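Database features (Swiss-Prot):
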- S62: active site, phosphoserine intermediate (ACT_SITE)
- D12, S62, D444, H445: Mn(2+) 2 binding site (BINDING)
- H123, R153, D154, R185, R191, R261, P262, D263, R264, K336: substrate binding site (BINDING)
- D403, H407, H462: Mn(2+) 1 binding site (BINDING)
- Y36: phosphotyrosine (MOD_RES)
Amino acid sequence: MSKKPAALIILDGFGLRGETVGNAVAQAKKPNFDRYWNEFPHQTLTASGEAVGLPQGQMGNSEVGHLNIGAGRIVYQSLTRVNVAIRDGEFEKNETFLEAMTYAKENDKALHLFGLLSDGGVHSHIQHLFALLKLAKKEGLTKVYIHGFLDGRDVGQKTAKVYLKQLEEQIKEIGVGEVATLSGRYYSMDRDKRWDRVEKAYRAMAYGEGPSYQNIYDVVDDSYENGIYDEFVIPSVITRENGEPVAKVNDGDSVIFYNFRPDRAIQISNTFTNEDFRSFDRGEAHPKNLHFVCFTHFSETVDGYVAFKPVNLDNTVGEVLAQNGLKQLRIAETEKYPHVTFFMSGGREEEFPGEDRILINSPDVATYDLKPEMSAYEVKDALVADINADKHDAIILNFANPDMVGHSGMLEPTIKAIEAVDECLGAVVDAILAKGGHAIITADHGNADVLITEEGKPHTAHTTNPVPVIVTKKGATLREGGILADLSPTLLDLLGVEKPKEMTGTSLIQK
């Protein structure tokens, strides 16, 4: 039986902007894209910042883009999720935080705050520490100690004193908190099982062992004098005038670890929480029975409470298609294959019933500017054959070229990449239209639209520019103000499938 497939075609890294200088998207000859743009209803979508669950003004990326597209809802990344919770007042109602604080207060125990001391926003954000200090004050805690991990990697390599100053001012203003230890993230945030490093951080925090200082700034100055910058500062103990450590982590204390990214938080957390820990000798007096809180789910091996539990991504587009008995195809070359499968399915590896996948190998070249067409022609050939064989009701396709070649920051190869993709796009969309089907032509974020910086240097990063959306349905009208989360509801709409309640995005096709 002849199928009338609906396809979601993602031109990866294909952003739109008016200025043509350094803009491969604007400079490329793309007769097929232009033809569909002129012939069919079209709009632009926001693919960056809070519209995709990132902080305001932050550029999108392929993982985040495909996650939002497949989920049909804004998927808040951890940083934004915590920021929004602080902004909306949900943070101070968080039961996991309140339980840790109540426990400390009722049992006359200390609260220790562990985490990376910067505003890098990759592993942590210093504003989250300040929010915890405010909450601790509100809850009437007095014994609150900070074990700060110095960054120098996601921020400038000699910026520790900037953050220590901010912390000092906040402690003064809020009226609670003392710095107990400082260590470079090289030690406290190792993820490569270099346990000798972790042990140094642990012994400073649990036993008060290591270089000692009365003044937090002396830790940094001393290190700088020895050519040791923030990331590598040796775990150091802050002491009172009598030489005693300000605080050690003791039996039964509360801990809140405010890093939200798990990978570099797991080892030090295991050291404090794991009964069966054997990676080094923690000593007889190691702190036991801690009320340990992780900001997000770090790992099954970490014995702790989780403040921001994983978000459930049920009823992504693939699951909805499967529930409705529709056959679906995911197709891309190697570079973007995980995006149309794993990320599009909300972080699920396995196929849904009725889901087929075609992986086309990306070319074996050092960098893709050497072969701008990549494997687009092979992707196109495989897909056109599939369309003509009437196998699938829904198709999700990614052309990697504008993004992967765009990362070279080289204009000419990126123009060639887009011209190759345009040729393939024409063959695919025309095959779909010939079957009476529909295509949604769009992108996940910008990149190829800016290849030269204002200083005239190569620009290799993503952009915050809007992305196109074309729906090949004559007579339809697309609404303005759309976001990536609206694409799956639009695909379901074309297939006559009702979107599930979990999808808060809405079809772009105006009724």
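A Cβ is built for glycine as well, from the same backbone N, Cα and C atoms used for every other residue.
Nearest to D444 (Mn(2+) 2 binding site) in space, judged by Cα atoms and limited to the recorded positions S62, R191, R264, is S62. Ranked by how many other Cβ atoms sit within 10 Å of their Cβ, the binding-site residues D12, D154, D403 place D154 at the bottom. Same-chain neighbours of the Mn(2+) 2 site beyond D12, S62, D444, H445, judged by a C-beta within 8 angstroms of the site's C-beta center, are, in sequence order, I10, G13, A47, G60, N61, G65, H66, K336, H339, D403, A443, N447, H462. Around the residue listed as 'phosphotyrosine', taking its Cβ as the centre, 22 other Cβ atoms fall within 10 Å, counting all chains. Of Y36, S62, D403, H462, all annotated as recorded positions, the residue with the shortest Cα distance to P262 (substrate binding site) is S62. Counting only the Cα atoms, the space from H123 (substrate binding site) to H407 (Mn(2+) 1 binding site) is about 24 angstrom. Counting only the Cα atoms, the space from S62 (active site, phosphoserine intermediate) to D154 (substrate binding site) is about 21 angstrom. Of all the recorded positions given, namely D12, Y36, D154, R264, H445, those whose Cα is no farther than the 10 Å limit from the Cα of D403 (Mn(2+) 1 binding site) are D12, H445. Counting every protein chain shown, the Cβ of R191 (substrate binding site) has 13 other Cβ atoms within 10 Å.
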